[in-house]
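Student: Structure below; questions to follow.
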């Protein structure tokens, strides 16, 4: 049996049940564990309570209980520069970003990893539902978490081989109810704490109100694809491709009573296009173009790959053919896909393994670009 006590693991602790159990398991396995609370955002909730302060209290309680040292580190500047500025720039460009993907790439597995190494870390660990498998030659493969409903490899798809080499995911083989049970059995103060939802820096706040603090809203016309004026939209940044709610036109209908969806955007003319029907023609595409495509292990500069892909979190896999050529990557779908959204991540899988992914630039319908920006 190996002596884990000589291996230092620095755990990113958020004050939630997942990272609490991560630290607990590593401590029980004999590792030299240090807990780190990352303060990435200066935040207060609707009641004026600083949520980070409350979360840090939970980290302190759990760390004291399981007997590990803990520190708090402030990454607010890094977060603003590397994640939030990107988030705003994407919305300005008419896209719908995924800040969680960028937060993992730039903060949790870069700024945090760099900091952990200064503490003598051999590995970092987080409460993500994912797994790593190590080959004899040292190559690390990232695998889906066993809990299919909680698998978070979609958000980890931009991690590099170097980052994965230094990473442990102790919860990857567990299902969420087991994690809660372990926390309760150990009497952890976070055992019944509610899971956080929403984008980390928005939390439960109203998204529209939050975004308007940073980007001025520019109302414009809402049109059908055949030119019918449906009224005013509040600003293109508030709508995403395929969105149903919040259009304010539910009572208006054409030939039937089918619900209305966002089916396109024209940033240059500030027009929001809407159409009726979940599978409206304008929502369907046959391929996409992606950039910032990255694989978790070394690949040739140009290659073609048959695999599956996800275009949003918790979506079933779809069969695709991936053509990687220089800066741009083309992804061709075996079956037409609905609401492929510029700015979101496309993530590639080979069975259980997450191969990597990129950011969606454009969707295409039979070679013609879909007007989604």
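Cβ coordinates are placed from backbone N, Cα and C, and glycine is handled just like the others.
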Student: Among 234-243, 244-253, 254-263, where does Swiss-Prot put the label region 'Interaction with tRNA'?
Tutor: 244-253
Student: Report the candidate from 38, 142 that shares the ATP site with 12, 13, 14, 15, 16, 17, 18, 19, 127, as recorded in Swiss-Prot.
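Tutor: The one candidate that Swiss-Prot places in that ATP site: 38.
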Student: Let me know the largest Cα to Cα distance in Å among the ATP-binding residues 12, 13, 14, 15, 16, 17, 18, 19, 38, 127, as an integer.
Tutor: 16
Student: Which secondary structure state does DSSP assign to residue 103 (disulfide bond), in the simple three-class scheme?
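Tutor: Residue 103 (disulfide bond) sits in a helix per DSSP.
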Student: How many whole Å apart are the CA atoms of residue 38 (ATP binding site) and residue 344 (site 'Interaction with tRNA')?
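Tutor: Residue 344 (site 'Interaction with tRNA') has its Cα 25 Å from the Cα of residue 38 (ATP binding site).
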Student: Return only the integer: C-alpha distance in Å from residue 12 (ATP binding site) to residue 344 (site 'Interaction with tRNA').
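Tutor: Per the Cα atoms, residue 12 (ATP binding site) and residue 344 (site 'Interaction with tRNA') stand 25 Å apart.
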Student: On a C-alpha basis, identify the one among 14, 16, 18, 200, 344 that is nearest to residue 128 (site 'Interaction with tRNA'); the candidates are the recorded positions.
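Tutor: It is 18, whose Cα lies nearest.
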